[in-house]
């Protein structure tokens, strides 16, 4: 893994491209990736001719803020399945013609990431599509956006990359066998996002243990461990039963905070029942962990709808029953690092939505068994 990452970083440092692939249980795609500071018209033309996907500019949050780029309209209400964060499209104000040529698009990228770039240097809409990376990079979200920003920074460049999905000649998405052929034909190294995750986990951490005390719950006494996320300063609670997690399969339940449902919902309702399940699980196992992850800036509307539907005993058709934006963060970032810091490597996961468990291999976490439970 270290050799693969090292070779990819060196390629990016030298202005070359790499193919970045994600988990087969996520998008299962490969993107061509390069550092935005190294972009040339020739590279843009290569992306358009051979990769054929959408050419995007990935930016760390500070660069998006510097340009005062608003997020794509309505993106907070109808987030794409993979949580991809598009801003409005952009164009360089000066120095371009129609904006679509390879030279024009390369110029727009260079203008957007130039030292001291200002909002007035660009116009909207345009032919370049910026993506805002999560602050924690691949440790927060295991996506191409974060991976491209991370590897650019690892190579000594700004937190900005250029990415483009690789498609086959027939218009279908290139999968691993196709990507290996593509890489061989064009002499481009392949790196997995899971490799970047492992690399960063070896080099850094994004959570710290704040306090550890014995606590009393409705299910009995357990050990409570308070963690702080070093990226957004949020605080999260791990409730432990047993010890010696390093050498055993550990039962794990990760619960996302729901202010209304957790505070006033009954044990027989929605989130309240899911939380109660986690505590009951701890009672029944030898070694278990219930992680309670807090969520910032979360609307109370879906929770209120969930309380209403629980009271009326109606099927949940509201937003509360849909996959929550950012659900991957539970394990891709804070949750996964908490588990690793507690010594977990193999786990029996207890969940209501197994399809949400993606990209875990890079964190050194292995799911040996999945227990899907219902709270209806």
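Keep in mind that glycine also has a Cβ here, set from the backbone N, Cα and C atoms.
Neighbours of residue 31 (D-ribulose 5-phosphate binding site), defined as other CB atoms within 10 A of its CB across all chains, total 31. The D-ribulose 5-phosphate binding site annotation in TrEMBL covers 26, 27, 31, 141, 142, 143, 144, 145.
Sequence annotations record features per position, and here TrEMBL assigns Mg(2+) 1 binding site to 27.
In the three-state DSSP scheme, residue 144 (D-ribulose 5-phosphate binding site) falls into the helix class. As annotated by TrEMBL, Mg(2+) 2 binding site applies to 27, 144.
TrEMBL lists 212-370 with the feature domain 'GTP cyclohydrolase II'.
For 127 (among others), the entry in TrEMBL reads site 'Essential for catalytic activity'. Taking the Cβ of residue 127 (site 'Essential for catalytic activity') as reference, residues of its chain lying under 8 Å away and at least six apart in sequence are, in sequence order, 89, 91, 99, 100, 104, 105, 108.
The local packing around residue 165 (site 'Essential for catalytic activity'), expressed as other Cβ atoms within 10 Å of its Cβ over all shown chains, amounts to 19. What TrEMBL records for 165 (among others) is site 'Essential for catalytic activity'.
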For this session: Could you say whether, by DSSP, residue 31 (D-ribulose 5-phosphate binding site) belongs to a helix, a strand or a coil region?
Result: strand
Seminar exercise, completed: For the binding-site residues listed (141, 144), most other Cβ atoms within 10 Å of the Cβ sits at 144
For this session: In whole Å, note down how far the CA of residue 165 (site 'Essential for catalytic activity') lies from the CA of residue 31 (D-ribulose 5-phosphate binding site).
Result: 4
Seminar exercise, completed: As a whole number of Å, the Cα atom of residue 142 (D-ribulose 5-phosphate binding site) is distant from the Cα atom of residue 165 (site 'Essential for catalytic activity') by 16
